[in-house]
Amino acid sequence: WIMGHMVNAIAQIDEFVNLGANSIETDVSFDDSANPEYTYHGVPCDCGRTCTKWEYFNEFLKGLRKATTPGDSKYHEKLVLVVFDLKTSSLYDNQASDAGKKLAKSLLQNYWNNGNNGGRAYIVLSIPNLAHYKLTTGFKETLTSEGHPELMDKVGYDFSGNDEIGDVAKTYKKAGVTGHVWQSDGITNCLLRGLDRVRKAVANRDSSNGYINKVHYWTVDKRATTRDALDAGVDGIMTNYPDVIADVLNESAYKAKFRIASYDDNPWETFKN
């Protein structure tokens with residue numbers, strides 16, 4: 001999965017997919033009442049990027065729905081996965097469940113079109129704080145109570161705080177989450193970060209009793225770092241330059257071993273050689 005980083009304006013969906021992304025990451029900010037409000041990152045952000053592009057969240061969802069609904073004039077067949085980077089640090093811990101409920105309602109209405117031929121992309125809810133795990137339960141409860149538990153088949157999870165792998169495992173246990181787990185690791189492109197924790201995450205993914213299904217590394221803009229991440233065995237790379245990742249995947253060393261994921265590749269299934 002080549003994951004376009006910080007895609008917060010509808011116009012950027014086309015831009016990143018046309019550069020080679022089959023997945024995008026979108027920032028979601030919340031208001032004081034835990035309503036998802038804007039797709040917005042703000043300052044500071046990655047080096048070389050404009051930090052202030054934004055849409056109202058529900059409007060972004062409608063644009064995203066068009067981009068992922070077969071037959072729509074804006075449809076991109078290869079856009080198959082969307083990571084919502086949920087900026088919950090503005091909320092109190094006890095608002096996490098409400099944030100999940102309100103997020104589910106927004107997605108149900110504006111993205112899934114109330115279950116009637118909505119967008120088809122898989123969705124990862126990426127949460128920065130382990131203490132906010134009840135966002136996942138609030139989300140699930142709402143889809144169930146609104147009569148669409150089947151949409152949970154399209155939903156996965158990530159805790160993005162670079163926490164100890166063991167602590168993340170415990171948190172999923174508390175949340176009652178088994179499966180559909182992505183594990184992110186990374187840092188802004190302005191700084192360097194080693195691959196030690198990525199290797200631990202990959203080892204967990206490949207063990208018989210691990211909780212992780214997929215591992216992705218962010219934010220990678222350089223060819224050398226891309227190669228290092230691929231050598232470590234990641235499933236996804238988040239980037240500001242999808243074309244750079246696509247170029248490296250075309251190199252003879254990687255062409256035989258990796259390919260770009262399509263809609264038929266289940267993002268919740270651990271890949272077995």
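From the backbone N, Cα and C atoms, a Cβ is placed for every residue, glycine too.
Record features (Swiss-Prot):
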| type | residues | note |
| --- | --- | --- |
| ACT_SITE | His5 | active site |
| BINDING | Glu25, Asp27, Asp85 | Mg(2+) binding site |
| ACT_SITE | His41 | active site, nucleophile |
| DISULFID | Cys45-Cys51 | disulfide bond |
| DISULFID | Cys47-Cys190 | disulfide bond |
| CARBOHYD | Asn250 | N-linked glycosylation site |
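Structure coloured by features recorded in Swiss-Prot.
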residue: His5; record: active site; Cβ contacts under 8 Å, 6 or more apart: Glu25, Asp46, Arg49, Trp218, Thr219, Met238, Thr239, Asn240
residue: Asp27; record: Mg(2+) binding site; Cβ contacts under 8 Å, 6 or more apart: Met6, Asn8, Thr39, Tyr40, His41, Asp85, Lys87
residue: Cys45; record: disulfide bond; Cβ contacts under 8 Å, 6 or more apart: Met6, Cys51, Thr188
residue: Cys47; record: disulfide bond; Cβ contacts under 8 Å, 6 or more apart: Thr188, Asn189, Cys190
residue: Asn250; record: N-linked glycosylation site; Cβ contacts under 8 Å, 6 or more apart: none
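Between the recorded positions Glu25, Cys51, Glu25 has the most other Cβ atoms inside 10 Å of its own Cβ, all protein chains included. The recorded positions under consideration are His41, Asp85, Cys190. Their Cβ neighbour counts within 10 Å are lowest for Cys190. Apart from Glu25, Asp27, Asp85, the Mg(2+) site neighbourhood in this chain, defined by C-beta within 8 angstroms of the site C-beta centre, holds His5, Met6, Val7, Asn8, Thr26, Val28, His41, Val83, Phe84, Lys87, Ser126.
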